[in-house]
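S.K.: Handing you this structure, nothing more for now.
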Amino acid sequence: MNLKEKTRALFAEIFGYPATHTIQAPGRVNLIGEHTDYNDGFVLPCAIDYQTVISCAPRDDRTVRVIAADYDNQVDEFSLEAPIVTHDSQQWSNYVRGVVKHLQQRNNAFGGVDMVISGNVPQGAGLSSSASLEVAVGTVFQQLYHLPLDGAQIALNGQEAENQFVGCNCGIMDQLISALGKKDHALLIDCRTLGAKAVSMPKGVAVVIINSNFKRTLVGSEYNTRREQCETGARFFQQPALRDVSLEAFNAVASELDPVVAKRVRHVLSENARTVEAASALEKGDLQRMGQLMAESHASMRDDFEITVPQIDTLVDIVKATIGDQGGVRMTGGGFGGCVVALIPEDLVPAVQQAVAQQYEAKTGIKETFYVCKPSQGAGQC
């Protein structure tokens, strides 16, 4: 049974009437452009065929009832008439409540909803299960009540909910690609203007995601440290963000910066340039150049931004040794564990899967999880 059938069946069973709509919003993988989003830079993600699905119906009162199918059918119920506050014990509820609370501040022309939520975006892998949930919930209200909100506004609403209500600092990329993703394309997103350009993916190329299953621990504290270091760098150049600093300007004065801050800045500036070039390489179908850019990106994350771990570096090395110059591989996501992403010809997928299965666990003591994904459509009815 797929997620649509599962949530519709559960909806009818629990609420006693049929859902009127089913909405999906995908997870994402970032092909290149890491830790550039909060520096007003560029990112190149694609939506993947793992998503959050919500079967839903409007109510004729001001109550929101939510069932989380993946959490033993836990229930959350709250009123649109009272101030929406955080839930004491159910963390998933706060993503839903936060989205609804922030929607009220944007456009209050909606009533209650019944919904059943289920998803298959792997959690804790850095594939944006939370952004997928936020965008799905926003799209539910937008579709059921015909709210005049576009994908970018639904994405911003989700980001606000996560930053201010859930209390987790995140850039805009994850929500934006979930809302705006395009089938068979990646999206070059300008995180300052929120402009997005669809970039066609070469035919016969697989998007492979391998979860290291190394448990991320440092991610929150280290993420905030990196943000502060980047802000320090921008202040040094008297610019609003590192987006506004050129590599030439940086190289001229790099020795005057704190050495650690200098490394962080160099990563962001070089990664921005790589990301813009990667979009044109992909569009031309130049997988070889894309592979070089992904390798440079990984080295920069490892050596300058210092966010990789030995397990991730091992995975990258195994994949690289198998594919040579036919495609690319790098860590993707915030760092300190999580996943690597590889762009490889479809006919090389079995060899890569076999090499990783034979070597990764033997070297690290951890078993990986292997996903082959398709660049998919952003949020909407399904």
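Every residue, even glycine, has its Cβ placed from backbone N, Cα and C.
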S.K.: In Swiss-Prot, E34, H35, T36, D37 are given as binding substrate, so which of Y223, Y360, Y371 is in that site too?
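M.R.: Same substrate site in Swiss-Prot: Y223.
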S.K.: Could you measure between D174 (active site, proton acceptor) and A125 (ATP binding site) for me? Cα positions, answer in whole angstrom.
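M.R.: Computed Cα spacing between D174 (active site, proton acceptor) and A125 (ATP binding site) is 13 Å.
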S.K.: I'd like to know which of the recorded positions R28, T36, D37, E162, Y223 sit within 10 A of L127 (ATP binding site) at the Cα level.
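M.R.: Cα filter at 10 Å returns R28.
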S.K.: Do you know offhand how many angstrom separate R28 (site 'Transition state stabilizer') and Y223 (substrate binding site) by C-alpha?
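M.R.: With the alpha carbons as reference points, the distance is 19 Å.
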S.K.: Once G124, A125, G126, L127, S128, S129, S130 are set aside, which residues in the chain still have Cβ within 8 Å of the Cβ centroid of the ATP site?
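M.R.: Other same-chain residues with Cβ inside the cutoff are G27, V121, P122, Q123, G333.
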